[in-house]
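Copied from TrEMBL, the annotated features are:
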- 10-358: domain 'Major facilitator superfamily associated' (DOMAIN)
- 7-30: transmembrane segment (TRANSMEM)
- 42-61: transmembrane segment (TRANSMEM)
- 73-91: transmembrane segment (TRANSMEM)
- 97-115: transmembrane segment (TRANSMEM)
- 135-152: transmembrane segment (TRANSMEM)
- 158-179: transmembrane segment (TRANSMEM)
- 200-218: transmembrane segment (TRANSMEM)
- 238-258: transmembrane segment (TRANSMEM)
- 265-285: transmembrane segment (TRANSMEM)
- 291-314: transmembrane segment (TRANSMEM)
- 326-349: transmembrane segment (TRANSMEM)
- 355-378: transmembrane segment (TRANSMEM)
Amino acid sequence: MIRQPGIFPLMVYLFFAYSALTVIVGYAPIYFQFIGITQEEIGWLMAMGPLASVFAQPFWGYMSDKWKTMKKVLMICMGSAIVISVVFFQMESLWTIMVLMFSLFLFLAPCTALGDSLTQKTVTQRGLNFGSIRMWGSLGFAITSLVTGFLLEQYSPGMIYLPFLTCAILAFSLIFVLHDAEPAKKPVTIIDAVQFGMKAEVVIFLALLFFISIGHRANDSFLGLYIIELGGQESLVGRAWFIGVISEAVVFFLSALWFRRFHPLFFIVIAGLLYASRWFVMGVIDDPVYILWLQVFHGITFGLMYFSSISYMTRIVPEELQATGHLLFITTFFGISGIAGSLGGGWAMEQFGGGILYTLLGVCSLIGSIFLIVYGLGMRMNVQKEKRRQYKQNLD
């Protein structure tokens with residue numbers, strides 16, 4: 001597989017693109033706290049990224065379908081993110097940081113999302129396995145989170161710009177050797193994209209996914225602060241991310257062994273129930289070391305959820321709108337849920353502490369899982385009804 005044209009550069013691009021993302025997602029809250037910003041204000045700042053991605057990801061997904069190229073869109077996005085970050089890391093005013101955080105994610109968020117979409121389209125066209133390529137993004141996330149944690153502990157959280165710019169510049173240089181997937185022949189219009197996004201099947205699925213993914217995104221924003229609240233150090237944050245994302249990479253790598261055995265919705269429900277269990281346990285622990293053990297479940301929950309959801313969207317999305325569909329899912333999972341998780345999580349963390357926050361996240365995941373079971377049963381009934389209708393038509 002690795003010898004096929006364009007596959008190795010895609011793996012390495014995912015490694016460094018996700019590395020750049022982990023620096024911001026995993027350590028920006030600690031950096032903001034270092035420069036004197038309160039936890040509630042950190043919640044507002046961390047909501048800027050998801051808010052920007054709500055607009056950016058569907059837009060850039062549609063443009064890549066419209067222009068029939070992801071490579072050029074990635075060049076625009078990663079190049080712009082690098083330029084904005086140079087200014088971002090020099091600011092200290094809350095409102096200036098907020099505006100620049102929003103601007104940064106207008107371009108940074110699509111860099112990983114489009115990378116995943118390009119991977120999905122490439123493996124579909126070439127008959128390869130998505131997980132064995134996507135796991136390189138997880139490895140980048142894991143290794144960089146570990147290295148960044150030690151770097152910031154040894155020197156200063158103010159050094160956050162160094163690992164980010166290093167990874168972002170390396171990712172940008174790799175875009176030049178990526179191969180675009182073969183574009184669909186059917187032209188794409190904005191009406192097609194809107195009609196797809198308004199389908200009841202899509203809207204209901206994404207709405208239920210929101211309840212599960214809100215916990216994942218809140219944890220992304222506040223895991224580091226929760227570890228420090230319980231008495232841990234920055235290096236422990238790095239180790240927690242490392243363990244979680246290494247387990248995620250293992251799940252992606254082994255996906256060819258388990259995924260085809262059941263429908264994607266089955267795995268999504270299992271992931272939702274595991275998320276709920278994980279958050280409930282997180283809410284009652286009193287030693288940050290226990291979080292390291294629980295982070296093993298990060299890979300299982302996120303790996304199952306993400307891989308299965310992207311595969312389910314691929315099933316229900318027309319070929320010419322694959323990037324739009326994938327980024328619509330990613331917008332919900334990382335964008336809309338991220339806004340709610342950051343704002344609600346920041347408020348709950350400030351008012352009640354991390355224990356109550358994680359208990360509330362467990363309730364949300366449990367609600368989403370239960371209603372996804374109902375949704376899956378409804379979809380099965382619709383399929384059976386359509387088969388009976390077609391059978392009667394054939395008889396007539």
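Note that Cβ sites are derived from N, Cα and C of the backbone, with glycine treated the same way.
All TrEMBL annotations are machine predictions without curation.
At the 8 Å Cβ threshold, with sequence separation of at least 6, the transmembrane segment (73-91) comes into contact with the transmembrane segment (158-179) through 3 or more pairs. Under 8 Å from some Cβ of the transmembrane segment (291-314) lie the Cβ atoms of residues 116, 120, 124, 130-131, 134, 138, 205, 209, 212-213, 216, 223, 226-227, 230, 232, 236, 239-241, 243-252, 255, 259, 264-265, 267-268, 270-272, 274-275, 277-278, 281-282, 285, 322, 325-326, 328-329, 333, all in the same chain and six or more residues away from its ends. Across the candidate stretches 7-30, 97-115, 200-218, 355-378, the maximum count of CB pairs under 8 A to the transmembrane segment (326-349) is reached by 200-218. Long-range contacts of the transmembrane segment (135-152) within its own chain (CB-CB distance under 8 A, at least 6 residues past either end) are made by residues 11-12, 14-23, 26-27, 30-31, 112, 115-116, 159-160, 162-163, 167, 234-239, 241-246, 248-250, 252-253, 299. The largest share of C-beta pairs under 8 angstroms with the transmembrane segment (42-61) comes from 97-115, of the ranges 7-30, 97-115, 158-179, 200-218, 355-378. With a cut-off of 8 Å on Cβ pairs spaced 6 or more residues apart, the transmembrane segment (158-179) and the transmembrane segment (7-30) reach 3 or more such pairs and are scored as touching. Beyond the transmembrane segment (200-218), the same-chain residues lying 6 or more positions past its ends with a Cβ under 8 Å from any Cβ of the stretch are 50, 268, 271-272, 275-276, 279, 301-302, 305, 309, 312, 316, 325, 328-329, 332-334, 336-338, 340-342, 344-345, 357, 361-362, 364-365, 367-369, 371-372, 375, 379. In the predicted structure, the domain 'Major facilitator superfamily associated' (10-358) carries a mean pLDDT of 88.
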